[in-house]
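K.L.:
Mind looking over this structure? Questions follow.
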Amino acid sequence: MSASPLKVAVTGAAGQIGYSLLFRLASGSLLGPDRPIELRLLEIEPALKALEGVVMELDDCAFPLLSGVEIGADPNKIFDGANLALLVGARPRGPGMERSDLLEANGAIFTAQGKALNEVAADDIRVGVTGNPANTNALIAMSNAPDIPRERFSALTRLDHNRAISQLAKKTGAKVTDIKKMTIWGNHSATQYPDIFHAEVKGKNAAEVVGDQNWIENDFIPTVAKRGAAIIDARGASSAASAASATTDAARDWLLGTPAGDWVSMAVISDGSYGVPEGLISSFPVTTKDGDWTIVQGLEIDEFSRSRIDKTTAELADERNAVTQLGLI
C-alpha cells in the first residue's frame, strides 16, 4: 500500500447519496484493497455540522485505506489537487419549481464548481456528475472549466444501466453477470432510452431471448426510465444507496477500465456519433481504458431505436438552449 492516496472530492457530502457513497469509497470499493484514498468533502455552510458527524462515523470505521479527510464549504480549497471529483450535491426540485428554475438554481452551483476545478484540480482530474439534472449540470461545469479536457467530464447514467440489467435479468431468469452490452442512450431523465437490441444474455441477443417487443416497449423501457419515481413512491425518498453504488461503479470502470467483451453506459460529450448533436453530454455505450473512454462504434440503429434516441437528445438540446439563454454556458 505504498501508492500515494487518490484525492477524491465529493460534493453534497452530507446528503443521502453522500452518506452511502463515502463509506463505499473509504472501504476500497473504488480502486480495490491496495490504493489509499483521501476524501475531500464539500458542503454548504448550514450542512457542515452534519458533515462533521459523518466524518466522526468514518473515523469510527477505522478504514485502513482512508488516509485523511478534509471538509469545507469553499470549492477552491476542497478541489485543490483532486484527482477525482464526484459532484453529487445539487438543488432538488421543490414545489412549484419549473424545470427552467431548476436549471437556473443548479447553474449557479455548477458554474462555481467548474471554475474552481479549472483553477485547482490535479492535471489528471476526472469529474463525474451525479446531481440532477446531471447531463446539463455536467455541461455547465465543463463549459466553465476551459483548461480541463472536455472528455474528463461525465454524467451518471450508470444507475439507469444497472436498473436495466436488473430488469432484464429478472425477465429472462439470468444472473446479472450473464448480461453484457446493455446501453442507455441520451438523458438521465424519463426520456432516456434503455436499449437491449445490442445486449447479450449468456452470449445470445437479448431482444431475441426476450422475444416480446410489447414487453420491451411498454414494460421494460418505462420501468427503467421511471424507476426513480417508483422508488420515491415506495420509500418516501429518492434512491440514494443505489445512486451511490452506481456512482462508485462508474468511477471505478472509468479509472480501471471495462472488462473485455463488454461495455458500460456513460454520459459524455458527443462527437456526433449516432446522430447525437455534437457538444451535448449524452449517454452512449463506451469502453474505457487507462482513464479514457471511447464510444462504441458500428452499432446498427433500427427505426424504433432511432426515434427513441432522437427524442431524448432533443430534450438535451432544449436544456442546452435553456442554460445558454440563462448565460450559464
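Just so you know, the numbers here start at 1 and follow the chain as drawn.
Just so you know, glycine gets a Cβ as well, placed from its N, Cα and C.
Residues or ranges marked as active site, proton acceptor by Swiss-Prot: HIS188. Look at Swiss-Prot and you will find GLY12, ALA13, ALA14, GLY15, GLN16, ILE17, GLY18, ASN106, GLN113, THR130, GLY131, ASN132 tagged as NAD(+) binding site. Taken from Swiss-Prot, the feature substrate binding site covers ARG93, ARG99, ASN132, ARG163, and the record attributes it to sequence analysis.
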K.L.:
If H, G and I count as helix, E and B as strand, and all else as coil, what does DSSP give for GLY131 (NAD(+) binding site)?
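P.N.:
Reduced to three states, the DSSP call for GLY131 (NAD(+) binding site) is coil.
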K.L.:
On a simple 10 Å Cβ count over all chains shown, which one of the recorded positions ARG93, ARG99, HIS188 is most densely packed?
P.N.:
HIS188
K.L.:
Just to verify: the residue among GLY18, GLN113, ASN132 with the fewest other Cβ atoms within 10 Å, which of the binding-site residues is it?
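P.N.:
The binding-site residues GLY18, GLN113, ASN132 were compared, and ASN132 has the fewest Cβ atoms within 10 Å.
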K.L.:
How many other Cβ atoms sit within 10 Å of the Cβ of GLY131 (NAD(+) binding site)?
P.N.:
26
K.L.:
Roughly how many Å lie between the Cα atoms of ARG163 (substrate binding site) and ALA14 (NAD(+) binding site), rounded to a whole value?
P.N.:
25
K.L.:
What is the total of other Cβ atoms whose distance to the Cβ of GLY12 (NAD(+) binding site) is within 10 Å?
P.N.:
25
K.L.:
Fill in the CA-CA distance, GLN113 (NAD(+) binding site) to ASN132 (substrate binding site), as an integer in Å.
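P.N.:
Cα of GLN113 (NAD(+) binding site) to Cα of ASN132 (substrate binding site) measures 15 Å after rounding.
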K.L.:
State the Cα to Cα distance, in Å, between GLN16 (NAD(+) binding site) and the residue listed as 'active site, proton acceptor', rounded to an integer.
P.N.:
19
K.L.:
Between the recorded positions ARG99, ASN132, HIS188, which lies closest to ALA14 (NAD(+) binding site), Cα to Cα?
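P.N.:
For ALA14 (NAD(+) binding site), the spatially nearest of the recorded positions is ASN132.
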K.L.:
In whole Å, how far is GLY18 (NAD(+) binding site) from the residue listed as 'active site, proton acceptor' when you measure between their Cα atoms?
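P.N.:
That comes out at 19 Å between the alpha carbons.
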K.L.:
How far is it from ARG99 (substrate binding site) to GLY131 (NAD(+) binding site), counting Cα to Cα, in Å?
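P.N.:
About 14 Å separate the Cα atoms of these two residues.
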K.L.:
Just how many other Cβ atoms lie inside 10 Å of the Cβ on ALA14 (NAD(+) binding site)?
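P.N.:
ALA14 (NAD(+) binding site): 24 neighbouring Cβ atoms within 10 Å.
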K.L.:
Could you state the whole-number distance in Å separating the C-alpha atoms of GLY18 (NAD(+) binding site) and ASN132 (substrate binding site)?
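P.N.:
Per the Cα atoms, GLY18 (NAD(+) binding site) and ASN132 (substrate binding site) stand 14 Å apart.
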